[in-house]
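> Sharing a structure here in structure tokens format.
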């Protein structure tokens, strides 16, 4: 049975509903039974408002189009919503996901030949624009277009930004000024599903302390601590944005403010507006006031180059330049100047009204010198009111700053002539303010020596390529090339920020290119691993034995202060939808037994997540640089891509760091030692020191468990000290649950009890390699690692699985297939019983049996007859089947006149009957019954478990 994880339940159900309306083409084989596995998706936090769907969390009243993965993709005609609980919209709690088909709600197009646009459900007429896309005449920003050329958003390969925009990605911008400050800031916000990712640049402002989002009335909706990553740049993410805030954002009523120490209520602020110019912006400028100080005056400019000529299109937004008393004029003349070192190069006149926040214009036919000054950041833009020459704002034009990361995965499938050698490449790039490009390229597994590394455009033909930079620095036998491309040019910088460039690696055997990758920007995710370390290259040549795969990938991995593993995996060249499910595993050195942790099973080429309960053995492998990240696919179930991971850490058992780690960087295979340098200390987080559990050394998680003198995070699993071999404990939200290991009967007459195992095993036949005096290397195919109880099993071993949080599953038996290393779990086949009242001999038995002496013999029959419960839970205690007891009700103690009994998993309680004469004279009159009578009283009062517990709470 395949060991691949199943898709999330909501996506699976939705896919079945969508496919169920299609006519069946024929009776096919029955679908295989899903393997027993532990729950991988995090449980919803108690009291949290929202919905969980497909591994993502959505706020109440939020709507989205479900993504079913390959080959279905995003279902644009299906709209899902997170509805509030039925018991009241004001009650906090998990919501309910409701999905419906919106295709019947599409309006009828008025034209004769409507078109179905990509990413839309309803058909629209050509040249039709919705009302939300119409802009005032003064703000109409025209994209550079030509009949023979595609627009920038459609040119080249689709990058990360375009893929994100196709999944609900929308850009907003805000000009931030203040009535009591000369500072000016610019905020760019991207809405990706239910998260806001923002990049904020500022001028003439002290270091901000917080980023504040509020409504038009000033009510604070969200605050984020400000930790500048570069000079004058702040990055952050607002996750799970509430529905009300999303409505304010789309209505352009959501405001952003920068809070400083001198202005705790906000020094500069402004509303977020949506504009289509953001999709093409590659250069920008922040305009501040010149001359005498005046507060609340400033502007920002969004610029882009034309696709067909050296013309600069721009949109300029300003505030405070026009006084309110000038509002009576219909048009106000403004003068725009382009300067270089104080020398006037160009001048434009623009007439705007006082009600419009800006205007759009074009600077045509830039000279070669002006293009060079543009990329160097030496062109200055100035704006002034012709009626008041003294009021003037200006700023230098430079390449757009962003918190996103420029990266590329190089693989053989994307080469000009596709090759399949198992090689891989990984690149990280940084564009400087002067137009220079810093590159760090890792290459592994090439068939021959690397002879050329180039940054180039998409070729029109195979022999017509425009090379922008010849990269150097890869020494013979080395894996990493680090250098600078000094002459990228304005056109090259523009194409780089538009995701239109490619990296090509040529070797002796493949001079035209053995590896090629698309350079794309990854949206900011909130973690610093991308900026602090190099990614880990993933190649088929690193798999043992090597796999000649045409795919490749790279991954960022890091450990935070809680020893939680953050990972992000990007792949390329997998071959599309026919590849099926892709899985990522973290494991130890190849050829040695040990844990194999499934990080994620996913569709497509990207995966990210957090692992909070990493095994101590894997943490030690990470610290020693012996851990591996393995990517498996349908075509290569034993591994298609692999990368070696090194994360220096001092994490201990249970997921807690007892001492501050000296370095947390990830060092990739073949990367220089500088990649493993310690990341910068984050302000506000004190250095960790040895401390008692719950002490001030680290913030305490309210869901952790304290057991045997140690703290365990939620979801952690471990062997307790009192029984390290035959017990397994789990932390489930401050509650420790320990289950004993129940051994199945061995399949041999003379089992052997190994000293390091709980259950007896059958002796294996002695192999030639096991003879004394011969070295033995353990083959990973000789055993299996079961993720349920995280233990290594010998080949041929059979056991009952432990699946947290459910505990021991005695109605299932798992078998280790030594040839493939797979774990096969199946249900126990219970025999069909001919007796009328079967019994369960032991409470932990799975199958029932006929009583001794009934004369009935078992028959082969229904599978999985073990539907009976293990016992009853009453007042926090477990009672086995058929057991009787007297309940205890605080503060009165044991209620001896009430008897409870566990039957069919439900406790039934009743008061003792005092009506029978037998009750009198037996001592019960003084203990239970108020009086004895020979007359029969009404039927005994029967109360269930909830009623008694309610009575106990009331008393």
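First residue shown is number 1, and so on along the chain.
Including glycine, each Cβ sits where the backbone N, Cα and C put it.
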> Among the residue ranges 617-645, 646-674, 675-703, I'd like the one that Swiss-Prot describes as region 'Disordered'.
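The range carrying the region 'Disordered' annotation in Swiss-Prot is 675-703.
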> Can you say which of 912-933, 934-955 is given as region 'Disordered' in Swiss-Prot?
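The range carrying the region 'Disordered' annotation in Swiss-Prot is 934-955.
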> Labelled region 'Disordered' by Swiss-Prot, one stretch among 34-78, 79-123, 124-168. Can you tell me which?
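Going through 34-78, 79-123, 124-168 one by one, Swiss-Prot flags 124-168 as region 'Disordered'.
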> Quick check on the domain 'CHRD 2' (279-402): DSSP residue counts for helix, strand, coil, in that order please.
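DSSP composition of the domain 'CHRD 2' (279-402): 15 helix, 67 strand, 42 coil.
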